[in-house]
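Asker: I am attaching a structure below and will ask some questions about it afterwards.
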Amino acid sequence: MKSWGGKDEHGSSEGGRFSGCLDLFYLFTMADKWTLLKLAFILLLLTVQTKGCNDGFNKQNNECVDDDECADNGLCGDNAKCFNTIGSYYCQCAEGFKSSRNEKFKADSPEKCKDIDECLTASICGPNASCKNTISSYICFCNEGFVSSTRMETFHPGNNASCNDINECEEGSVCGPNSSCVNTHGSSYCKCNVGFGLRSGELNYTGKVEQCEDVCKIDETICRNGTCSVEDGGHFCACHAGFTNYGRRRSPCVELDCDVFKVVDILGEKHNIVQDHVKQLKEGCVDLSESEDPKELDGEHLLKVLQSIIDKLLSSEVLGDNRKVSTFLALVEEALRLSGPFVATPGTKMSSSHTELELVVYNGSIIPQGRKKLSTKHAQLEVDMEVAAGDPSHHPGFTTVSLLTYSNLEKSADDFFTGMKPHENQSFKINSKVVTVTVSNRDTNLLKEPVKITMYHLEQSNGFLHTCVFWDSSEDGGTWSSRGCSTEESNSEYTTCSCDHLSSFAVLMALYEIEAPFELQLVTWVGLSLSLICLFICILTFSMIRSIQSPRTTIHLHLCISLFIANAIFLAGISKTENRVGCAVVAGLLHFFYLSAFCWMCLEGVQLFRMVVLVFNTHFKTIYMMAGGYGVPAVVVAISASVNSKGYGTNRYCWLNLSSIWSFFGPACVIILVNILFFLITAWKLAQKLTSLNPDLNNLQKIKAFIVTAVAQLCVLGTMWIFGCFQFETNSITISYLFTIFGSLQGFMLFVMHCLFSKQVRDEYANILCGLSAPRKRKYSEFSFSHSSKANASKSTQDTGESHI
């Protein structure tokens, strides 16, 4: 229970607080009290009047009227506008601004209005103009080199303004003398007139920093080997004697060597076969290098002339010397450089009986770019065209590349390997066609980018090392060398070479000799020594025992002499290849004496034929036999040596090389066939006589034995040379053994057939041995031997006209 002014049941003094308020009220004066009452009355009236209107409305005259919140200008914040609605309002960003999330928002929202960068929209100002952003807007202005159509510095796209190019060249002499102004879209530049240039080397410039000057004064070497002058239309080069710019008067003058077209010295008496063609090349060359106003040449015609020269030289086989090969290749290279710039078509392919050519030419001062591929049947070339063109400052106004393949030049150049420095027991052989590569660039000793040449093998063999080489005419008159060339890829079919210089190229196949084992050397020495001993005994027998001497034994004597000398030379000099001249002499002597042995065999066949067919005059005169046995081989060797002196001696043996081997095997085969023919005819005639009514059986049986012996002799010699055909050009150890064994048997078999199988010779050997063993009866024995021999010889002559051999 509360009591007025007293404490409640808890002892609080609420009545005390009320009495305090009354005390405060009594402090005011009467006037203040009336004022407070008036205010309280007014508030009461207001509360009564507004009671009953919704939010956003005010009660006026007892009506609810919309409250315009936008009357407060700062309600929505910066860069925003307030929009009043019935009973409410909303805020929206002003033009040129945007909110982060909602397009409409309230004043109590965290949204802020930020400036829109209109310049982020591409081409908002149109072409050739730039945009600059401003607060709530942007402005446009023209790029440098352009001006507004309104002539105002800035504009707005809404003004239909555009930026047009300013023609700076209309502003008077902006470039200086000897020059011209070139207007471009939004800019301009200056360039020098034809015949003038800048010392900086620039082609275009702006302003008057540099002045255009006479090019002949700026670069005194612009014509290189000519005199420069400026005329209407530009500068011109008048070339000195021995130089040319191929009729392109603004191009620098390069050397043109017309002396290479002098082939009389290298061809000797055969120069007339190409004299007229070479004269055409030389006249064209001289006209270009000597005339002040040279005429344009016919490139296609000159290439055909060159091919005719190559065909005639290669078909006549006059290039057997390395110096001739060097001069020939220099002629071809210079002729290609002479003809190339005048070829009308960009790409040309031509072929002849001994050549295949592809040539490309690019005319104009612009240097072609990239790599170019050329190909023939036997080779392919890949070259960088900037390398082919050479130094841009000395560009002649054209770029040429040519690839020429020869059909059989490898035969003339297959023996010149002094520049290769082979390993022990190593030799070389050309295994591709020889190709010549030329470009218009004269400086090809060290190329910036190497050329790639793919050459296809003539012999497709696995396991051989192939080496890329070029013809080096500066060493020893001309030799193959691998300097500056490397092998990029090689298989059994082709080899790809990379070379940092240009010349004529080929692929060499490295051959390794099979080292003769000790056993084969032993067989050779022992066998040939035995053969020489047996042949020496035969020579003594046929020359000193008079009882058996006859035309037939004379043939046997000289057969043994030829084989004895041939085997002795073979044993002593077959491998002496260090001295080329000495090796060639050894090969020539072997050629002569082995052919001589075949000729004496042939004479024996003819002698047997005469004995059977002819009744009288069955003997050869000695002079005729000497002419046939030694004269014929001498003529063959003389002809062979004069035609191909390089055919005697190889890198491996002192014998005929493969290109000349048939100068021996040809006559040998003919002799064997003639012998076989005579033996067949003789045997046929002999068979007829044996079946006749009154045959001389004793004589015919002896002739029959002679024929059998002669045929066996032919088989022994012939079999040896069947293997000898391959001994010096192959690496087969089996053939080496067979050749050595049959060669060793020659002297021994002749001794057995003509001496040991002959009873009369055996008897004479017995008499000689008996005379040596009984010296006290020497006088009687010699008398008896002489008397008996003469008696037997007389009887034999009466019966058969031949000895009882």
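Just so it is clear, glycine is given a Cβ too, placed from its N, Cα and C backbone atoms.
Model, not experiment: these values are computed from the prediction.
Annotations for this protein, taken from TrEMBL, read as follows:
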type	residues	note
DOMAIN	66-103	domain 'EGF-like'
DOMAIN	115-152	domain 'EGF-like'
DOMAIN	165-202	domain 'EGF-like'
DOMAIN	346-515	domain 'GAIN-B'
DOMAIN	520-758	domain 'G-protein coupled receptors family 2 profile 2'
TRANSMEM	522-545	transmembrane segment
TRANSMEM	557-575	transmembrane segment
TRANSMEM	581-603	transmembrane segment
TRANSMEM	623-641	transmembrane segment
TRANSMEM	661-684	transmembrane segment
TRANSMEM	705-723	transmembrane segment
TRANSMEM	735-757	transmembrane segment
Asker: Hey, which bits of the same chain come close to the domain 'EGF-like' (165-202), Cβ under 8 Å, at least six residues off its ends?
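Answerer: Apart from its flanks, the domain 'EGF-like' (165-202) reaches 128, 143-147, 208, 210-215, 218-219, 230-231, 233-235.
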Asker: Going by DSSP assignments with H, G and I as helix and E and B as strand, what are the residue counts for the domain 'EGF-like' (165-202)?
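Answerer: Taking each residue of the domain 'EGF-like' (165-202) in turn, the totals are 3 helix, 15 strand, 20 coil.
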Asker: Per DSSP, how many helix, strand and coil residues does the domain 'EGF-like' (66-103) have?
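Answerer: Tallied per class, the domain 'EGF-like' (66-103) gives 3 helix, 16 strand, 19 coil.
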Asker: So, by DSSP, how many helix, strand and coil residues make up the domain 'EGF-like' (115-152)?
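Answerer: DSSP composition of the domain 'EGF-like' (115-152): 3 helix, 16 strand, 19 coil.
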Asker: Taking residues 6+ outside the transmembrane segment (623-641), which of them lie with a CB under 8 Å of any CB in it?
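Answerer: Sequence-remote neighbours of the transmembrane segment (623-641) are 551, 554-555, 558, 562, 588, 591-593, 595-596, 599-600, 602-603, 647-648, 660, 663, 667.
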